[in-house]
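Feature annotations, courtesy of TrEMBL:
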type	residues	note
ACT_SITE	K61	active site, proton donor
BINDING	D10, K32, 59-68, T120, R182, Q191, 211-212	substrate binding site
DOMAIN	4-227	domain 'Orotidine 5'-phosphate decarboxylase'
Amino acid sequence: MEKEPIIALDFPTWQETEPFLQPFENESLFVKVGMELYLQNGPSIVENLKKMNHRIFLDLKLHDIPNTVQQAMKGLAGLGVDMINVHAAGGQKMMAAAREGLEQGTSGQRPILLAVTQLTSTSEEQMQTEQLIPVSLEESVLHYAKLTKAAGCDGVVCSVHEAAKISEVCGTEFLKVTPGIRMKEDDANDQKRVADPQLARTLGSSMIVVGRSITKAEQPLVAYQKVKQLWGGM
Ligand code: C5P
């Protein structure tokens, strides 16, 4: 289990990100850069965070034809990020191509490769009516997890509520990275399948991703330390 909760840096620019990170200067963080920050600022964001010695999860959720994803991953591997992802809905071949691209583009340690199963903002009803997937949400997530493993990825992004079942099917070493984390007193916002850090630990998440519960808190450092404590079982 990864000790540090991953902070989702969902900010539009470095100008907003830098002051947010200021109170954390004595912490070694694991941060997530998503499409909001990366697509508006580019690779300089990763360089800035690496200079601060933070570990980086580049959450771009790639989903395209295998060759395009492979070439994109080859380039992104050169940034030296620690973890990166694709959408499992892109299929086994696309996921295997993503891994190959990462291997081709990495000189040292290959970044951890994850695949998103179903977004934690997706409800079962929405999945069935909009994606026309006629099974339960859990079945869909488990199916994607098995496909992800078969493609040679290191784990999945899923909700806390599916983590235990995924461990049963894919093994405990297979990573379950879980967003949709809320403190009991927080608003769920657009997330549907939420859980608090304690429950995430109990149900077998490998890493938790926390955004607004920290970034929108009045005192983000205090909120971070509280999440870290609950997650670590202290
Ligand atoms: O603010 P909040 O804690 O809801 O942020 C969750 C973060 O995790 C966001 O950056 C979102 O893009 C990401 N994410 C998610 N569900 C997934 C994959 C990623 O919420 N399945």
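Placement of Cβ uses the backbone N, Cα and C atoms for every residue, glycine included.
Feature map: TrEMBL annotations on the structure.
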{"residue": "D10", "record": "substrate binding site", "DSSP (3 states)": "coil"}
{"residue": "L60", "record": "substrate binding site", "DSSP (3 states)": "strand"}
{"residue": "P66", "record": "substrate binding site", "DSSP (3 states)": "helix"}
{"residue": "T120", "record": "substrate binding site", "DSSP (3 states)": "coil"}
{"residue": "G211", "record": "substrate binding site", "DSSP (3 states)": "coil"}
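Within the set of recorded positions L60, K61, H63, P66, T120, T120 have a CB atom less than 6 Å from some atom of ligand 1. When the recorded positions K61, H63 are compared by the number of other CB atoms within 10 angstroms of each CB, H63 has the fewest. Taking Cβ-Cβ distances under 8 Å and a sequence separation of 6 or more, the neighbours of L60 (substrate binding site) in its chain are G34, M35, Y38, L76, I84, N85. Of the recorded residues, K61 (active site, proton donor) and T120 (substrate binding site) place their C-alpha atoms 13 Å from one another. All protein chains included, G211 (substrate binding site) registers 20 other Cβ atoms within 10 Å of its own Cβ.
Annotation for P66 (substrate binding site): same-chain Cβ neighbours under 8 Å, separated by at least 6 residues, are G90, G91, K93, M94, A96, A97. In this view, D10 (substrate binding site) is surrounded by 18 other Cβ atoms within 10 Å of its Cβ, with every protein chain counted.
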